[in-house]
Amino acid sequence: MTARIGVVTFPGSLDDRDTQRAIRVAGAEPVALWHKDKDLKQVDAVVLCGGFSYGDYLRAGAIARFSPVMEPLLEQAKAGLPVLGICNGFQILTEAHLLPGTMLRNDHLHFICRDQKLRVENAETSWTTDYAAGQEISIPLKNNDGQYVADAYTLDKLEAEGRVAFRYLVHGEAADGYGNPNGSQRDIAGVSNEAGNVVGLMPHPEHAVEPLIGTGRTDGLPFFTSILKKLVNA
Amino acid sequence: MSRTPLDTVEHAAATPDVELPWAELGLKKDEYERVVEILGRRPTGAELAMYSVMWSEHCSYKSSKVHLRQFGEKAPESDAMLVGIGENAGVVDVGQGYAVTFKVESHNHPSYVEPYQGAATGVGGIVRDIIAMGARPVAVVDPLRFGAADHPDTKRVLPGVVAGIGGYGNCLGLPNIGGEVVFDACYQGNPLVNAGAIGVMRHEDIHLAKASGAGNKVILYGARTGGDGIGGASILASETFDDAKPSKRPAVQVGDPFQEKLLIECTLEAFQEKLVVGIQDLGAAGLSCATSELASNGSGGMRVTLDDVPLRDSTLSPEEILMSESQERMCAVVEPEKVDRFLEICEKWDVIATVIGEVTDGDRLEIYWHGGKIVDVDPRTVAHEGPVYERPYARPSWQDTLQADDANKLPRPVTSEELKDQVLKLVGSPNQASKSWITSQYDHFVQGNTVLAQPEDSGMIRIDEESGLGVAIATDGNGRYAKLDPYHGAQLALAEAYRNVATTGAKPLAVSDCLNFGSPEDPAVMWQFAEAVRGLADACQQLGTPVTGGNVSLYNQTGEAAIHPTPVVAVLGVIDDVARRTPVAFQEEGQLLYLLGDTREEFGGSAWSQVVHDHLGGLPPQVDLERERLLAEILISASRDGMIDSAHDLSDGGLIQAVVESALLGGKGARLIVPDGLDAFTFLFSESAGRAVVAVPRSEEVRFNDMCGARGLPATRIGVVDGDAVDVQGEFALSLAELRETHEATIPALLA
C-alpha cells in the first residue's frame, strides 16, 4: 500500500497535473481534489499547487482561501495532516493563516522564471527529510508575487524556531541561479508551521523531478519521497 | 414621442434610399454595391455590420487570396496532413495516434496602439484557435519585431508587449518555448507581434467549425459581450496608421486570462464527453464571424436570437453586438439532448453559457432582435464569398539599386584586433545579444513537459510520457534578407526554421506562416508579397513540408514607409523519443567541433553588415534546399544514434555567434582553427545557409565522418570544446566572462 496524496484544483490552478505527475514519479498515488469538495477523500497529505487561482484577483490566494475544500483542510492541517503549498499554494496557505507572513509583488515588478539556487535550512519537516540540512539545491522559480514579507517579530521567531525551511542562495552569478529573485525578506524562500507538517515555498519542486524535462535536474523529487517515506513508515 | 424603427429586413426592403455608413465601416463603394446586389435590397444596419467586418482585409484575405492559393496548389504529398488550410488551424499526424495542431497569427496593429492588451489578446486568440480544433494547448511561441532598440518608443512598446504575453500566457499555464526578438528601425511605427500555439489531441478528437444537423443548438459561452474591440478587424488591422486620424485605442480588446483558462478546461471537458458537434472561437469579427462561418461550413442554415447574448453593457445595439471582439468567448453546436450536460460543465467551471440559436434545415443565416428579423443572408456570401482583388504589383524601381549595393565590398577587418572588436560588437548588438531579460518573464516549465525552450534552436515538448514522443517548433524570419530578395528571403526563413527543428533532432513535418507586409495598395509591397508567397510555396513543395495554415497581416505601414517584407515561418517537427534531443550548449570538454555545409563569402543582409556598417544591400545568401534536406537528415540521424552531443544552426551572426552561444550556455569554451581555403573573417561572419556546428564525442568521430562522407555532406573539423575562452587560434581569444558580460548586458541596459 502506498500513500495517497491529494492535489487541489482551484479555478486557475496550473500545476495540478504536474504535481500529480511528481507524486507518481515518487511512487505515491495522486488523488485529484476539486475546490468545491467538502471532504478530502481520506488522503494522507495534500499539495496546494501553483497557478493563478481566481486569476490572482483581489490578491494572490485571497479568494481560493474561501473555497469549500479549505474548511476540512484547515481543520486537518491543524491536527497534523501534512500540507505542502507551492507558489500560489504557499500564497493560499498564508492567506488562510496556516503559515505566517505574506507575499508582495516582486521588487523588480516583473514576472520571473528561472532555475533558482536554494539552501534547505530545515531538513526535519514532513516534506524535507530526504534532504540534508544545509543542502544546496536548484529548482525552477516562476512568479509575479513572490516577495516574502512579515514583521520583524515574526521573522525573528521563525528564525529562532528553525521554521525558515528554505533560503535563496545569494552569493554567486545571477546567470547560475544565485540571488534573491524577488526581494524576499531575509532571503526566505519557504517556511513551515510550528509542527513542521505544513510547508510553503515559492519555487516549484514539482518541475524538477525528471531528468530531461525542465532544467533536467531532479532536485525537487525529495519533497515527494520525504512525505512518501513518512506516510508509509507511519 | 417617436422612436427610430428597428432596421429589420422588412424595413430595409421598404426604405431603399436610407444612407448607411458603409465607408465609415471600411467598405469601398463597389463592395457596398456588391452587398446590395447579393441581397437584392439595401442591407440592414446589422447586415452591413457583418459584411463590413467579414469583408475586411483581415478577415477576408481579399488582397492576398489569389496568391495564397499556391500553398494549396503546390502542396507536397504528405501523409502527415490531417486538416489543411481553411480551418481554425491545421492538424498534423505525429504518430502513435496523436495529432498536433499549430498556427501562427499576428496581433501587430493592436500591440502598437496598446502594447499590453494587444499582445495579451494575441496569445488569447491563437490559443482559442487551438482549442477550437479539439486540442489541449501545450505551448506558445512569440516571434516579435520592434523598432530600433535604443529608440524611446521601443521602451514603451517592448516592455508592454512582453508583460502582456507573459501576463496572459503565464496565467493560462502554457509554457512559452520559443520565438524571436528582432530590432530594426523599419518596425518603429509598426512592431510585429506574432503569436504561435501548439495543441495536442488524439486523432479521433479532431473538431471542426461547422454547424450541421437541423435542430442542434448554438451555444455561446465564455465572457459576456461588451463594447470592446468594435472595429478591431475592419478598422484597426486593415488600414495603415496615420497621425491625422483619431486614436484607435478603443478598438483594442481587453483580455482576461483567468476567464480563458476556465474556457480551456470547460471546452476540453465537453470534448471528452463528446458533447460537441461543431465549434468556433470568437476572434476577429466576433459573432459575425462565428455564426456565418459555422453556418456556411455546415449543412443547413442557422437562426440566432441576439437578445439572448449575455451582455456586459445593456445599451449595446445589435450591430455592436455582432461586431464586438470581446475576448474569451466561444460558440458550440450541440445536439439538443446533450445541451443540459454541456451547460452543467460550463457551470462547474463558472463559465456563462447560453443557447442563442439553432441550426435550421434552410440555407439562410437569420438573426432576430426584439422580435424583428434583422439579418437574413446566405452565410457563404458573408464568410467565403467576399471580394477578391487582383491588386497590381510591380517590382520596385529601387530593387536593382539595392541589390547592386554589394555588402561583400564593405571594408573588412584587417588586423586580429579589429576582428576581435567586431566579434564583441556583434555578440553585444541588440539583435544578437541574449534575450533572457525578455524570456525570463515567460513561464517555460509549466505542464512539466518542456524538453527544450529558448534560447535553444527549437522548442521541444514531450507529448507522451511512456514512449517519449515529442514535437518541436521553430519560428524564423529575416526581413533584411526578404527586403533584398523577397522570393529567396521567404525561402531562407523556411530553411532556417526547418534547420532549427532538425538541429534539435526532430523531423520537420509541416509549416504555418505569418506574412507581415506593408500596404497592399502599394504595387511595390504587393510585389514583395507575391514573390514571398511564391518563394515559400515553391520551397515547401521541395522540402515536402505543406503549409497547414497561417495568417496575413497587411498595412504594416506608417505613411509611405512600409516595414521590411517579413514572412515569419513556423516549422513543426516530430521526434520519436525526446531523450535523443540535441541541445545547443557544449556538453563536454574535448569534444570535436565540426562545421557542416559550405561557407561562402555571403554578407548581404548579414548581421555583420548591419552592426558594423549599418548597411543593407546586395543579395541574401544562396538557397540550396536539397542541401538543407541533406543537412537535416544528417542532424536527425546523428541525434538519434548518439553521434553528436550538441548542435547549433548557423544563421544571423554566422559561425562566431553560434559558437559563442553554445559556449556561454554550456559554460565551456572552444578552440577554433580557421580551416584551409577560408579567411578568418569569412569563417567567422559569413551567413551562408545550410550550415550547422556540431560537437562530436571523440569516440564517435569516425562513424560521424563516415556518415557525412557517404552522404556527401561537407564536414570540416574546426576545433574542440575546451577551456574558458573562445580562442580563434592565430587571431584572438575572448574569455567567457567577457563574452558573457557583453552578450547579457545589452538588453537590460536598454530596456530594464
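Cβ atoms are placed via backbone N, Cα and C, with glycine included.
Through the fold, the domain 'Phosphoribosylformylglycinamidine synthase linker' (B:24-62) approaches residues 7-9, 11-13, 15-16, 18, 68, 231, 233-235, 237-239, 284-286, 288-289, 292, 317-320, 322-323, 367, 369, 374-378, 381-383, 386-389, 520, 552-555 of its own chain, all at least 6 residues removed from its boundaries and within a Cβ separation under 8 Å. The domain 'Phosphoribosylformylglycinamidine synthase linker' feature in TrEMBL is assigned to B:24-62.
In the three-state DSSP classification, B:His58 (active site) falls within a helix. According to TrEMBL, the feature active site maps to B:His58.
Taken from TrEMBL, the feature ATP binding site applies to B:Tyr61, B:Lys103, B:Asp513, B:Gly550. Look at B:Lys103 (ATP binding site): DSSP puts it in a strand.
Residues or ranges marked as domain 'PurM-like N-terminal' by TrEMBL: B:86-201 (among others). Over the domain 'PurM-like N-terminal' (B:86-201) the predicted model carries a mean pLDDT of 94.
Marked as Mg(2+) 1 binding site by TrEMBL: B:Glu105, B:Asn551. Cβ neighbours of B:Glu105 (Mg(2+) 1 binding site) (same chain, under 8 Å, six or more residues apart in sequence): B:Gly122, B:Gly125, B:Ile126, B:Asp129, B:Asn194, B:Ala195, B:Gly196, B:Cys514, B:Gly550, B:Asn551.
Feature annotation from TrEMBL assigns substrate binding site to B:Ser106, B:His107, B:Asn108, B:His109, B:Arg128, B:Gln253, B:Glu325, B:Ser326, B:Gln327, B:Ser553. Around the Cβ of B:Asn108 (substrate binding site), a 10 Å sphere holds 27 further Cβ atoms from the protein chains shown. Secondary structure at B:Asn108 (substrate binding site), taken from DSSP and collapsed to helix, strand or coil, is helix.
Counting Cβ atoms from all protein chains shown, B:Asp281 (Mg(2+) 2 binding site) has 26 others lying within 10 Å of its own Cβ. The secondary structure of B:Asp281 (Mg(2+) 2 binding site), as reduced to three states from DSSP, is extended strand. Residues annotated as Mg(2+) 2 binding site in TrEMBL: B:Asp129, B:Asp281.
Per TrEMBL, the feature domain 'PurM-like C-terminal' maps to B:214-369 (among others).
Under the heading domain 'PurM-like N-terminal', TrEMBL lists B:456-575 (among others).
Residues or ranges marked as domain 'PurM-like C-terminal' in TrEMBL: B:588-724 (among others).
Closest to B:His58 (active site) in space, going by CA atoms and restricting to the binding-site residues B:Lys103, B:Ser106, B:Asp281, B:Glu325, B:Gln327, is B:Ser106.
Cα of B:Asp281 (Mg(2+) 2 binding site) to Cα of B:Asp513 (ATP binding site): a distance of 20 Å. In the three-state DSSP scheme, B:Glu325 (substrate binding site) falls into the coil class. The most crowded of the binding-site residues listed here (B:Gln327, B:Gly550) is B:Gln327, judged by how many other CB atoms sit within 10 Å of its own CB.
Ranking the binding-site residues B:Ser106, B:Arg128, B:Gln327 by Cα distance from B:Asp513 (ATP binding site) puts B:Ser106 first. Cβ-based neighbour count (10 Å, all protein chains) for B:Asn551 (Mg(2+) 1 binding site) stands at 23. Per DSSP, the domain 'PurM-like N-terminal' (B:86-201) is made up of 48 helix, 45 strand, 23 coil.
Taking the Cβ of B:Ser106 (substrate binding site) as reference, residues of its chain lying under 8 Å away and at least six apart in sequence are, in sequence order, B:Gly122, B:Leu192, B:Val193, B:Asn194, B:Ala195, B:Cys514, B:Asn516, B:Asn551, B:Ser553. Broken down by DSSP into helix, strand and coil, the domain 'PurM-like N-terminal' (B:456-575) contains 45 helix, 42 strand, 33 coil. Nearest in space to B:Lys103 (ATP binding site), taking C-alpha to C-alpha distance over the binding-site residues B:Arg128, B:Glu325, B:Gln327, is B:Arg128.
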